[in-house]
Amino acid sequence: MKRNSLSSFYVSLWLLFTAVILQVVDSAKGKYAHMLFNELFEDYSNALRPVEDTDKVLNVTLQITLSQIKDMDERNQILSAYLWIRQSWYDAYLKWDKDKYDGLDSIRIPSNLVWRPDIVLYNKADDDFSEPVNTNVVLRYDGKITWDAPAITKSSCVVDVSYFPFDSQQCNLTFGSWTYNGNQVDIINSLDSGDLSDFIEDVEWEIHGMPAVKNVITYGCCSEPYPDVTFTLILKRKSSFYIFNLLLPCILISFLAPLGFYLPADSGEKVSLGVTVLLALTVFQLMVAEIMPPSENVPLIGKYYIATMTMITASTALTIIIMNLHHCGSEAKPVPQWARVIILDYMSKIFFVYDVGENCTSPKREKEEERKLEGDDGCQRRQKEVRSPLSDRKDDCDLKEKLNGNLSKTYGVHGENVRGTVNCCSCYKMLIKNIEYIANCVRDHKANRAKGIEWKKVAKVMDRFFMWIFFIMVFFMSVLIIGKAA
């Protein structure tokens, strides 16, 4: 127990001694730092370029670290990004011998006390032209100054939305001195690309690189060269959000358009379905138009919407034409022979369109033969039933006329019996004429009704034909847009 207590006492005593020594050292370094600061900035001016020879070029090393993409405004073509900008250069008037100051090799001072290069973002698209953040700089004994400053930049970016929402964008960030030319301040790349090690993953964009290129440009206003460093930010859009919210609903809605041909013509909903689908696609088209910039390049999804809307407009127009065929009625002309052969004989079998009472299990020929047999038997029976009594009555009438004539010749009888017999025969003749007229009317009605049924079947076959045509068109359009995206 005594040994443990002694050991703990010695440890605490050693820690206390170390803390006192460190405090003394820190106070000593703080004393030397104040002395150094007063001596360095006694006659220093931050208004002039810190070089001993004015003909000498001052090299500024630039490094950009991308931390976060705040926003990509496609409509206004502005990229908002959060950057860390590191600049380092050598100041010829801020050097000291660290041995004279107890080995003090660096100090941290406000950046507004030293000369700073006026490096700005050339393609800035922000209304706020404020000064850079006044963070501290690190000053080393050999005169090297390192300035790290965070910045939220808004830069102009030419957005190409031809393949939206499967597009890639390249946005440039061009940094250069605003007043100093290349003979006074030269910019050097610290790395071949921007630093992406601290990048926070974005929900909409993927970063595929940030290469840096140095350019030396001679402008028309001046003969001196002006160097700049351009960082190209390569972005790839994450398209899952737009697939599930813009593209997939459009594909599902477009598959509803061909089903309008499958609706019965008597339902009265064929045209209304096409108009409803067209209005739904118009809403999606307006949503895309609000996001995209008003440029000549129509996005891929916009082209798909336009093609689908054109297809639905054509399907609605064809539906109206087919409905007119369906409602031709008995007053229309007969179905042409070519239409009867091509549409009623061949296309109806290809698209499985049957008459009323037919189905795919009972062949059409057997049904027609049965109907012919039944029709012939029934017609013969009806003719026998109608014509036999009338013919008998007509024979009876002729016989009675002969008998009455003989009686009148033989016995000279001209009474009421003869007149009644003649009136009876005239009634039978009128009845025969009326029945023949009714039979002709029924025959004409059946012929007209058969004509209307043929036109309805023609309309139904055309409905099925265009339904499959538009289904194939929608399918290939969907495959085409997915193939272009890939």
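From the backbone N, Cα and C atoms, a Cβ is placed for every residue, glycine too.
Quick caveat, the model's predicted, so the values are computed rather than measured.
What TrEMBL records for 35-238 is domain 'Neurotransmitter-gated ion-channel ligand-binding'.
The domain 'Neurotransmitter-gated ion-channel transmembrane' annotation in TrEMBL covers 246-481.
Annotated region 'Disordered' per TrEMBL: 364-393, in sequence order.
Summarising the annotation, TrEMBL assigns signal peptide to 1-27.
Listed as Cβ neighbours of the transmembrane segment (241-264) (distance under 8 Å, sequence separation of 6 or more from its ends, same chain) are residues 164-165, 204, 270, 273-274, 277, 280-281, 284, 287-288, 301, 304-305, 308, 311-312, 315-316, 318-319, 322, 463-464, 466-468, 470-471, 474, 477-478, 481. According to TrEMBL, the feature transmembrane segment maps to 241-264 (among others).
Long-range neighbours of the transmembrane segment (271-292) within the same chain, counting only residues 6 or more positions beyond its ends whose Cβ lies under 8 Å from a Cβ of the stretch, are 74-75, 161, 164, 246, 249-250, 253-254, 256-257, 259-260, 263, 299, 301-302, 305-306, 308-309, 312-313, 315-316, 319-320, 323. The feature transmembrane segment is assigned by TrEMBL to 271-292 (among others).
The transmembrane segment annotation in TrEMBL covers 304-325 (among others).
The annotation transmembrane segment is assigned in TrEMBL to 465-483 (among others).
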Report task. Quick one: average pLDDT across the domain 'Neurotransmitter-gated ion-channel ligand-binding' (35-238), no decimals. Result -> 89
